[in-house]
Amino acid sequence: MRDQILSLALLLCVLHSACGLYFHISETERKCFIEEVPDETTVIVNYKVELYDPRSNGFMPSSPGIGMHVEVRDSDDKVVLSRVYSSQGRISFTSHTPGEHIICMYSNSTAWFSGAQLRVHLDIQVGEHAIDYANVAQKEKLTELQLRIRQLLDQVEQITKEQNYQRYREERFRHTSESTNSRVLWWSLAQTVVLVCMGFWQMRHLKSFFEAKKLV
(Lines of atoms letter the chains of each structure in order from A and count residues from 1; the text may use other names and numbers.)
(Lines give C-alpha, C1' and ligand atoms only; values in the text may rest on other atoms or scores of the structure.)
Protein backbone atom coordinates (compact mmCIF):
# COMPACT_ATOMS: atom_id res chain seq x y z
CA MET A 1 0.00 0.00 0.00
CA ARG A 2 2.83 2.36 0.87
CA ASP A 3 4.54 1.66 -2.46
CA GLN A 4 1.31 2.44 -4.32
CA ILE A 5 0.97 5.78 -2.50
CA LEU A 6 4.58 6.69 -3.31
CA SER A 7 4.06 5.73 -6.96
CA LEU A 8 0.90 7.85 -7.12
CA ALA A 9 2.68 10.84 -5.57
CA LEU A 10 5.55 10.49 -8.03
CA LEU A 11 3.13 10.32 -10.94
CA LEU A 12 1.37 13.47 -9.75
CA CYS A 13 4.72 15.28 -9.66
CA VAL A 14 5.41 14.17 -13.21
CA LEU A 15 2.00 15.32 -14.37
CA HIS A 16 2.60 18.76 -12.88
CA SER A 17 5.87 19.16 -14.76
CA ALA A 18 6.20 21.06 -18.02
CA CYS A 19 8.91 21.24 -20.61
CA GLY A 20 10.45 24.75 -20.75
CA LEU A 21 13.58 25.44 -22.77
CA TYR A 22 15.09 27.50 -25.54
CA PHE A 23 17.22 26.52 -28.51
CA HIS A 24 19.08 28.18 -31.37
CA ILE A 25 18.37 27.51 -35.04
CA SER A 26 19.18 29.17 -38.34
CA GLU A 27 16.42 30.67 -40.46
CA THR A 28 16.28 27.54 -42.64
CA GLU A 29 16.82 24.90 -39.98
CA ARG A 30 14.15 22.47 -38.81
CA LYS A 31 13.90 21.38 -35.16
CA CYS A 32 11.70 18.52 -33.94
CA PHE A 33 10.68 17.26 -30.51
CA ILE A 34 9.05 13.98 -29.50
CA GLU A 35 6.37 14.02 -26.83
CA GLU A 36 4.65 10.86 -25.57
CA VAL A 37 0.97 11.68 -25.17
CA PRO A 38 -2.00 9.49 -24.11
CA ASP A 39 -5.14 9.59 -26.23
CA GLU A 40 -7.69 12.38 -25.83
CA THR A 41 -5.14 14.59 -24.07
CA THR A 42 -4.72 18.33 -24.55
CA VAL A 43 -1.25 19.60 -25.47
CA ILE A 44 -0.36 23.30 -25.37
CA VAL A 45 2.80 24.70 -26.98
CA ASN A 46 3.92 28.22 -26.04
CA TYR A 47 6.78 29.71 -28.04
CA LYS A 48 8.58 32.98 -28.68
CA VAL A 49 11.13 33.72 -31.42
CA GLU A 50 14.05 36.14 -31.00
CA LEU A 51 16.46 37.27 -33.72
CA TYR A 52 20.20 37.64 -33.19
CA ASP A 53 21.40 41.25 -33.40
CA PRO A 54 25.14 41.47 -34.23
CA ARG A 55 25.29 45.13 -33.15
CA SER A 56 24.26 44.39 -29.58
CA ASN A 57 25.63 40.85 -29.65
CA GLY A 58 22.35 39.62 -28.23
CA PHE A 59 18.90 38.40 -29.18
CA MET A 60 16.11 40.86 -29.80
CA PRO A 61 12.38 40.41 -30.57
CA SER A 62 12.10 39.22 -34.16
CA SER A 63 10.67 41.34 -36.95
CA PRO A 64 6.96 40.98 -37.80
CA GLY A 65 7.78 39.18 -41.06
CA ILE A 66 9.44 36.24 -39.32
CA GLY A 67 7.06 33.54 -38.17
CA MET A 68 7.22 29.86 -37.30
CA HIS A 69 5.82 26.98 -39.28
CA VAL A 70 4.59 24.37 -36.81
CA GLU A 71 3.82 20.79 -37.83
CA VAL A 72 2.53 18.06 -35.50
CA ARG A 73 2.35 14.38 -36.44
CA ASP A 74 0.85 11.60 -34.35
CA SER A 75 2.12 8.06 -33.77
CA ASP A 76 0.56 6.95 -37.08
CA ASP A 77 2.51 9.69 -38.91
CA LYS A 78 -0.72 11.56 -39.66
CA VAL A 79 -0.58 15.35 -39.70
CA VAL A 80 -2.48 16.72 -36.71
CA LEU A 81 -1.51 20.35 -37.25
CA SER A 82 0.44 22.21 -39.94
CA ARG A 83 0.34 25.98 -40.40
CA VAL A 84 2.38 29.18 -40.13
CA TYR A 85 2.12 31.22 -36.93
CA SER A 86 3.53 34.57 -35.86
CA SER A 87 6.84 35.00 -34.05
CA GLN A 88 5.14 34.45 -30.70
CA GLY A 89 2.09 32.41 -29.92
CA ARG A 90 0.22 29.63 -28.20
CA ILE A 91 -0.74 26.43 -30.01
CA SER A 92 -3.22 23.87 -28.73
CA PHE A 93 -4.21 20.45 -30.05
CA THR A 94 -5.82 17.28 -28.71
CA SER A 95 -4.35 13.84 -29.31
CA HIS A 96 -6.70 11.17 -30.71
CA THR A 97 -4.23 8.28 -30.74
CA PRO A 98 -1.79 7.38 -27.95
CA GLY A 99 1.93 7.35 -28.58
CA GLU A 100 4.78 9.56 -29.71
CA HIS A 101 3.77 12.91 -31.22
CA ILE A 102 6.43 14.74 -33.22
CA ILE A 103 6.37 18.54 -32.98
CA CYS A 104 8.51 20.23 -35.65
CA MET A 105 9.24 23.96 -35.94
CA TYR A 106 11.07 25.99 -38.55
CA SER A 107 11.12 29.60 -39.65
CA ASN A 108 9.05 30.77 -42.60
CA SER A 109 11.91 33.09 -43.62
CA THR A 110 13.17 32.84 -47.22
CA ALA A 111 16.57 34.35 -46.41
CA TRP A 112 18.46 31.28 -47.64
CA PHE A 113 21.88 32.89 -47.54
CA SER A 114 21.59 35.24 -44.58
CA GLY A 115 22.55 32.68 -41.94
CA ALA A 116 20.74 34.63 -39.22
CA GLN A 117 20.42 32.89 -35.89
CA LEU A 118 17.09 32.55 -34.10
CA ARG A 119 16.47 31.79 -30.45
CA VAL A 120 13.20 29.95 -29.84
CA HIS A 121 11.75 29.77 -26.33
CA LEU A 122 9.55 26.69 -26.06
CA ASP A 123 7.20 25.47 -23.34
CA ILE A 124 5.22 22.24 -23.87
CA GLN A 125 2.42 21.44 -21.43
CA VAL A 126 0.57 18.12 -21.50
CA GLY A 127 -2.64 17.00 -19.86
CA GLU A 128 -4.06 18.54 -16.70
CA HIS A 129 -1.17 20.99 -16.43
CA ALA A 130 -2.20 22.53 -19.76
CA ILE A 131 -5.52 23.77 -18.34
CA ASP A 132 -5.78 27.41 -17.32
CA TYR A 133 -7.68 26.98 -14.05
CA ALA A 134 -7.79 30.71 -13.33
CA ASN A 135 -9.72 31.18 -16.56
CA VAL A 136 -11.94 28.17 -15.78
CA ALA A 137 -12.79 29.53 -12.32
CA GLN A 138 -13.66 32.92 -13.77
CA LYS A 139 -15.85 31.52 -16.56
CA GLU A 140 -17.70 28.95 -14.46
CA LYS A 141 -17.75 31.11 -11.29
CA LEU A 142 -16.19 28.39 -9.13
CA THR A 143 -15.26 28.82 -5.49
CA GLU A 144 -11.78 27.93 -4.29
CA LEU A 145 -13.01 24.58 -2.97
CA GLN A 146 -14.89 23.78 -6.18
CA LEU A 147 -11.84 24.69 -8.23
CA ARG A 148 -9.62 22.43 -6.11
CA ILE A 149 -12.08 19.55 -6.54
CA ARG A 150 -12.08 20.20 -10.28
CA GLN A 151 -8.27 20.05 -10.33
CA LEU A 152 -8.24 16.78 -8.38
CA LEU A 153 -10.80 15.24 -10.74
CA ASP A 154 -8.73 16.30 -13.74
CA GLN A 155 -5.62 14.82 -12.13
CA VAL A 156 -7.39 11.50 -11.53
CA GLU A 157 -8.60 11.49 -15.13
CA GLN A 158 -5.08 12.18 -16.37
CA ILE A 159 -3.66 9.40 -14.17
CA THR A 160 -6.21 7.00 -15.68
CA LYS A 161 -5.16 8.04 -19.17
CA GLU A 162 -1.50 7.54 -18.28
CA GLN A 163 -2.22 4.07 -16.90
CA ASN A 164 -4.17 3.15 -20.02
CA TYR A 165 -1.31 4.42 -22.14
CA GLN A 166 1.21 2.32 -20.18
CA ARG A 167 -0.97 -0.76 -20.69
CA TYR A 168 -1.15 0.09 -24.38
CA ARG A 169 2.66 0.28 -24.55
CA GLU A 170 3.02 -3.02 -22.68
CA GLU A 171 0.59 -4.67 -25.08
CA ARG A 172 2.52 -3.37 -28.10
CA PHE A 173 5.80 -4.52 -26.57
CA ARG A 174 4.37 -7.99 -25.88
CA HIS A 175 3.03 -8.21 -29.43
CA THR A 176 6.43 -7.18 -30.82
CA SER A 177 8.22 -9.74 -28.62
CA GLU A 178 5.85 -12.53 -29.66
CA SER A 179 6.24 -11.60 -33.32
CA THR A 180 10.04 -11.56 -32.99
CA ASN A 181 10.08 -14.92 -31.20
CA SER A 182 7.84 -16.41 -33.87
CA ARG A 183 10.11 -15.17 -36.65
CA VAL A 184 13.20 -16.52 -34.87
CA LEU A 185 11.49 -19.91 -34.49
CA TRP A 186 10.49 -20.12 -38.15
CA TRP A 187 13.94 -18.97 -39.24
CA SER A 188 15.55 -21.69 -37.10
CA LEU A 189 13.22 -24.30 -38.59
CA ALA A 190 14.04 -23.08 -42.10
CA GLN A 191 17.77 -23.32 -41.38
CA THR A 192 17.31 -26.84 -40.01
CA VAL A 193 15.39 -27.91 -43.12
CA VAL A 194 18.08 -26.43 -45.40
CA LEU A 195 20.86 -28.19 -43.46
CA VAL A 196 19.01 -31.53 -43.60
CA CYS A 197 18.45 -31.13 -47.35
CA MET A 198 22.10 -30.23 -47.92
CA GLY A 199 23.24 -33.23 -45.86
CA PHE A 200 20.94 -35.54 -47.80
CA TRP A 201 22.18 -34.12 -51.12
CA GLN A 202 25.83 -34.53 -50.08
CA MET A 203 25.23 -38.15 -49.07
CA ARG A 204 23.59 -38.85 -52.44
CA HIS A 205 26.46 -37.12 -54.22
CA LEU A 206 29.12 -39.09 -52.30
CA LYS A 207 27.28 -42.35 -52.91
CA SER A 208 27.12 -41.63 -56.66
CA PHE A 209 30.84 -40.71 -56.61
CA PHE A 210 31.84 -43.95 -54.85
CA GLU A 211 29.64 -46.01 -57.17
CA ALA A 212 31.23 -44.33 -60.20
CA LYS A 213 34.71 -45.15 -58.85
CA LYS A 214 33.50 -48.70 -58.04
CA LEU A 215 34.51 -48.25 -54.43
CA VAL A 216 31.19 -49.60 -53.19
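Any Cβ shown, glycine's included, is placed from N, Cα and C.
Since this is a predicted model, take the numbers as computed values, not measurements.
Record note: among 41-71, 134-164, 134-164 is the stretch given as coiled coil by Swiss-Prot. Among the ranges 21-24, 113-116, 165-168, 213-216, the one that Swiss-Prot lists as motif 'Prevents secretion from ER' is 213-216.
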